[in-house]
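Here is the structure we will look at.
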């Protein structure tokens, strides 16, 4: 059962980081760099996605002591990741007093069928989505923020672009049916394609966007990548491996923050992109075997 007051508070917190950058950090020193660069929040985790992908094995919730050390270091909001479906990890993270939980496909899923019932928590959640159906199902479960899944740990933005365009196309289809008075088609779309309640579909139709903020994530490595996702309609960006796997993390972090805020100013994008050193080498998504793709986890 949804707690409406709590839902409004959770969505309100998510809006507080709108137009900002959330940066993955693995220690207090990186968290300080992120805050000094202007990050809206940090994501505390033991290994960035590039290392999780390279090292393999089962990836779980990070050590609570490490999360608390990062929380003590900075004044900006702190987020942390729980495995898909692992509601006990989420309970533990909530008890730490952090600001948001990411139910993340980057970690090894704990449940192949069920996501966490996010309506049962007071803490807000962010979840990944590849299309409108996935986004609305996570919102129906209680997510206060959506992000593209992209393909984390690659430095290749193509999947994030694909997912954002898919969400936009789904919204355009809903709005088109709604404005033409095609209620039957909307009902069929809600039931068969989106698999969510009609009231959520009508909310999208009236707002002409998702009812929660929608960030970009997965493969963002440069200021231009961040600006690209913002121009596609994202409300902000998550940057994982792209900062601290680059040659000059401090300058790249500042540049990505500037590009996210000034996403529609090509001269600013060009200026902040100068002399940043080498970007993370990355992996072409096309070179990754299908069974190793992280974005396919949790639909």
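Here the Cβ of each residue, glycine as well, is placed from N, Cα and C on the backbone.
According to Swiss-Prot, the feature active site, schiff-base intermediate with D-ribose 5-phosphate maps to 81. What Swiss-Prot records for 24, 153, 219, 240, 241 is D-ribose 5-phosphate binding site. The annotation D-glyceraldehyde 3-phosphate binding site is assigned in Swiss-Prot to 165 on the grounds of sequence analysis.
Counting in whole angstrom, residue 165 (D-glyceraldehyde 3-phosphate binding site) lies 21 from residue 240 (D-ribose 5-phosphate binding site) by their C-alpha atoms.
Least crowded of the recorded positions (81, 165), judged by neighbouring Cβ atoms within 10 Å of its own Cβ: 165.
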